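Engineer: Before anything else, here's the structure in question.
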Amino acid sequence: MKGKGEQVFRLESSYEPEGDQPQAIEALRQGVMDGQTNQVLLGVTGSGKTFTMANVIAEVNKPVLLISHNKTLAAQLYGELKQFFPHNAVEYFISYYDFYQPEAYIPTMDKYIAKDLKINDEIERLRLKATSSLLSGRKDVIVVSSVSCIYGLGAPEDWKAQIIELRVNMEKERDSFLQELISLHFVRDDSDLAPGKFRVRGDVIDLVPMHEESALRVEFFGDEIERLQLFDHTTGEIFEDEEYAFIYPARQFVAGREKLQQAMLGIEDELAHRLNVFRSGEKFVEARRIEERTRYDLEMIKELGYCSGIENYSRHLSGRKAGERPYCLLDYFPEDYLVIVDESHVTFPQIRGMYAGDRSRKTILVEYGFRLPSALDNRPLRFEEFETMVPQLISVSATPGDYELRRSGGSVVEQLVRPTGLLDPEIVVRPVNGQIDDLLEEIRKHTGKGFKSLVMTLTKRMSEDLHDYLRKAGLRTRYLHSEIKSLERMQILRELRTGEIDILVGVNLLREGLDLPEVSLVAILDADKEGFLRDSKSLMQIAGRAARNVEGMVVFYADRITASMRYVIDETERRRSVQRKFNEDHGVIPASIVKSVDQVLDTTGVADAEDRFRRRRFGLEQRSRRGIEDLVGSLKREDLYAMAEELRLEMQEAAESMEFEKAAYLRDEVTKLEDAAEEKRESEGGMDSG
């Protein structure tokens with residue numbers, strides 16, 4: 001067993017581990033210290049899994065990569081861990097695109113869709129800060145990431161080789177320093193100092209590193225650095241003098257001049273071979289296309305050291321062989337680090353599926369002369385490659401998948417007791433015959449107490465019909481399924497959270513953030529129809545939606561008990577027994593979680609002021625019947641920004657599903673909304689100044 005050694009992480013919290021958190025923390029810590037490569041934390045909904053993870057991180061004394069399956073959850077985890085570890089390097093690494101339309105070609109329509117994107121400067125800064133912290137040699141680094149961590153990056157040794165070290169009294173020529181900044185892709189701008197830019201005023205050079213919020217002033221005296229100062233590039237306020245400073249590249253893909261020359265030769269050779277292939281096959285259009293595009297890129301690389309889409313040449317830049325795995329964020333970690341995969345039952349399948357989708361899209365681009373074959377090596381990791389790069393793994397889920405359980409070899413740590421003392425909701429089975437009347441009666445019992453209900457149906461048509469039936473019965477209800485657009489979907493979820501409706505009917509309610517303490521009833525119609533959304537893991541997940549209420553209850557409507565139902569019923573009863581015994585032994589009285597509307601909105605990631613939400617509703621409801629142009633006049637600036645954000649999410653889903661035309665259409669709508677919002681901002685600013 002390894003000793004604990006000096007603590008590198010400082011966990012700050014007003015809470016102490018409760019329930020069975022202490023045992024879970026110790027078991028996971030011991031497993032990491034003993035060198036176990038795979039562990040599973042099976043933590044029920046509401047048991048405080050994030051706090052347990054934070055305590056384990058505080059004990060293991062090694063860098064940590066925490067992977068979440070979507071940006072929203074990653075942002076929540078990042079915020080929580082920043083609070084837990086204010087003195088350590090908690091970093092954030094997700095896709096830096098506000099919107100991203102990948103390059104694609106549709107042969108059946110002879111339609112090429114150019115790559116279109118908008119980079120979020122703040123997220124790009126946070127990504128660079130993450131890689132900078134990892135390469136700095138610090139051990140107290142926690143990186144919270146989406147699956148972006150498995151996508152290609154520049155080689156860490158190339159990136160590290162480009163770092164500029166500055167020290168007071170160091171000999172360095174001013175002009176050579178300027179050339180170094182340009183080689184790191186900093187841009188000179190003497191009028192607008194911003195991240196990734198520098199300005200020159202005689203012997204004083206000011207710059208804003210991409211990974212820092214403060215600017216750096218470098219004062220020269222002859223060929224010597226006389227002074228280094230940190231300052232606010234907006235106000236000019238001087239913060240402090242520094243003895244030394246490190247300047248990191250302003251882009252993820254960088255290479256020295258020698259490597260660039262080698263890469264260009266490799267690209268030339270590949271182009272020549274590809275032209276022979278096309279011409280011998282009498283594909284002259286494709287040959288002309290690939291030659292024009294590649295020659296243009298080569299000219300840009302020669303002149304600027306960079307080109308749009310340079311990542312597609314990453315194999316040449318890093319000197320890799322065809323088919324060799326790309327460098328990614330995991331390469332920036334030291335050999336000894338810990339990976340925690342949150343919601344592993346969802347995250348692992350997502351990681352597994354990234355490679356195939358990327359490959360199919362790029363193969364078409366290569367076949368039709370839009371890209372060289374080496375572009376195929378700018379890709380996410382294959383799942384088996386990901387596995388080989390993870391030295392130690394903790395998978396976290398309320399319903400771990402077969403993969404995690406098999407890899408752990410039975411090393412499963414359970415966290416079944418909630419700090420609130422709440423038991424898992426009781427599950428009852430009732431017959432299908434008369435299920436609607438029984439459901440109506442049950443819903444009325446729960447709504448009479450001020451609680452909410454979730455109802456899962458088998459089909460979209462059933463959800464709509466049941467919604468109509470409940471509404472005619474005088475209940476406040478809405479339905480939700482895949483045909484409802486993102487804007488309306490968000491509106492419906494807000495109505496549930498703000499108490500404007502009491503019942504939500506849907507086919508798949510697992511994808512929504514519906515962990516609301518007011519939900520006391522979960523009803524699953526036709527629970528015995530084994531298959532998607534009626535398997536054991538889905539049933540367990542949806543049953544957990546009622547786990548935050550002391551009167552939580554789950555009803556399976558079925559004529560027989562399937563193997564999946566039996567597993568969920570037996571497992572729930574086992575957990576209830578453990579929870580009940582703990583409460584009795586420790587004198588804990590179960591209590592529902594109580595949250596205000598504002599708290600609920602905030603914790604579920606839809607924190608809009610209620611009045612803004614009400615003002616925006618008209619626009620949300622009318623979007624399907626009116627064009628964007630008609631809406632902009634009736635909406636306020638902040639509402640236009642909010643609508644653009646919702647459409648951006650819908651656009652990203654379309655792009656990931658390879659619905660490129662839909663994504664392009666939504667991109668145009670986003671642009672219209674943002675342009676309209678900017679016009680309103682400028683006009684409002686003009687009115688204020690007048």
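The backbone N, Cα and C atoms fix where each Cβ goes, and this holds for glycine too.
Just lifted these from Swiss-Prot, have a look:
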type	residues	note
BINDING	G43, V44, T45, G46, S47, G48, K49, T50	ATP binding site
DOMAIN	30-188	domain 'Helicase ATP-binding'
DOMAIN	435-601	domain 'Helicase C-terminal'
DOMAIN	641-676	domain 'UVR'
MOTIF	96-119	motif 'Beta-hairpin'
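Tell me about the setting of these features in this model.
Structural biologist: Cβ-based neighbour count (10 Å, all protein chains) for V44 (ATP binding site) stands at 24.
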Engineer: By Cβ count within 10 Å, point out the most packed of the binding-site residues listed: T45, S47.
Structural biologist: S47
Engineer: Judged by the number of other CB atoms within 10 angstroms, which among G46, G48 is the least packed of the binding-site residues?
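Structural biologist: Each of the binding-site residues G46, G48 was scored by Cβ atoms within 10 Å; lowest is G46.
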Engineer: Take the mean position of the Cβ atoms of G43, V44, T45, G46, S47, G48, K49, T50, the recorded ATP site. Which other residues of that chain put their Cβ within 8 Å of it?
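Structural biologist: For the ATP site, the extra neighbours are T52, A398, Q415, R418.
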Engineer: On a count of neighbouring CB atoms within 10 A, which of the binding-site residues G43, K49, T50 is highest?
Structural biologist: G43
